[in-house]
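Per TrEMBL, these features apply:
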TRANSMEM  21-37  transmembrane segment
TRANSMEM  49-72  transmembrane segment
TRANSMEM  151-168  transmembrane segment
TRANSMEM  183-203  transmembrane segment
TRANSMEM  215-235  transmembrane segment
TRANSMEM  247-270  transmembrane segment
TRANSMEM  282-301  transmembrane segment
TRANSMEM  307-324  transmembrane segment
Amino acid sequence: LGRTQIQATMAVENVSVAFKLYCLTVMTLVAATYTVSLRYTRTISSGDLYFSTTAVCITEVIKLILSLGMLTKETGSLTRLKNTLVEHVFFSPKELLKLSVPSVVYAVQNNMAFLALSNLDAAVYQVTYQLKIPCTALCTVLMLNRSLSRLQWFSVFMLCGGVTLVQWKPAEATKVQIEQSPFVGFVAIAIAVICSGFAGVYFEKVLKSSDTSLWVRNIQMYLSGIVVTLIGVFMNDGEKILEKGFFFGYTPWVCFVVFLASVGGLYTSVVVKYTDNIMKGFSAAAAIVLSTVASVLLFGLQITFSFASGALLVCVSIYLYGLPKQDTSKLSQKDADTESKQRLITV
């Protein structure tokens, strides 16, 4: 029986490692491809420029459909799916309200990402966006009452130094067909960073505070997200959409960007629930490298020394931040035993 238990445990571990490697590969490819493709559709691609607010809204709809499909597979039957939706969605207004908070924040974040990539090069955006790590770290400490090691805090400051180098003398890009404003781009990315940190930690807190299915939580969040983004669509571009149409400017490349955003959103929720900082760190670092290479080939990006140094610091800091904290529980236990023995001797 013991041998069987060991084999079962090893099988679970193998599946776990394979699953993490799979998530790492998909996250890296999606993040790098999404960044470069989005910039292409906003700056290089010829033709009419589409409304970014509609793209964000459609992304939420697709994520809702995909989550419904995953929940159907998880429940195993349409009857169970119906009962689950009735219990957790239609008759749970408080839960919907609770998940509307990250929906609003994520909607703002996605729109800021479009604005940032319309004014910054893909590689500059990707590196600067890693400021979400110290923001997430701060939110984790404040909202989840977790502690960070000295090495992790050191990596946070190293990350800030790397991003400063990137901004000090941004890499110049050519072949763009619209006027760009780096100041607007950096302000937009700062807002996106704050939104990313808060929404990610908030969603993690909601996700791990109950046994509710991940896909149920996603459905609750995406329902709110659709409402929020629809409001944003008609507030920002309502008159233009009524004149030109909801899908004005859409091309196969734009549809591809929407698809990548949808898949990336789902994998973000999976990562929050099942994976760790090490995998996220490697994924982010690999995405930086891939998007930089793509920017050199597609957008004529000229890599300066300060940009390369900053990007290297960012990658190293991401890796250091993901390293596990030293386990001092055994040492603490040993010290406690020694102190107990001394007390006994004194008595």
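Keep in mind that glycine also has a Cβ here, set from the backbone N, Cα and C atoms.
By the Cβ criterion (under 8 Å, sequence separation of 6 or more), the transmembrane segment (21-37) is in contact with the transmembrane segment (282-301), since 3+ such pairs are found.
The transmembrane segment (49-72) shares more Cβ pairs under 8 Å with 215-235 than with any other stretch in the list 183-203, 215-235, 282-301. In terms of C-beta pairs under 8 Å, the stretch of 151-168, 183-203, 215-235, 247-270, 282-301 lying closest in packing to the transmembrane segment (307-324) is 151-168.
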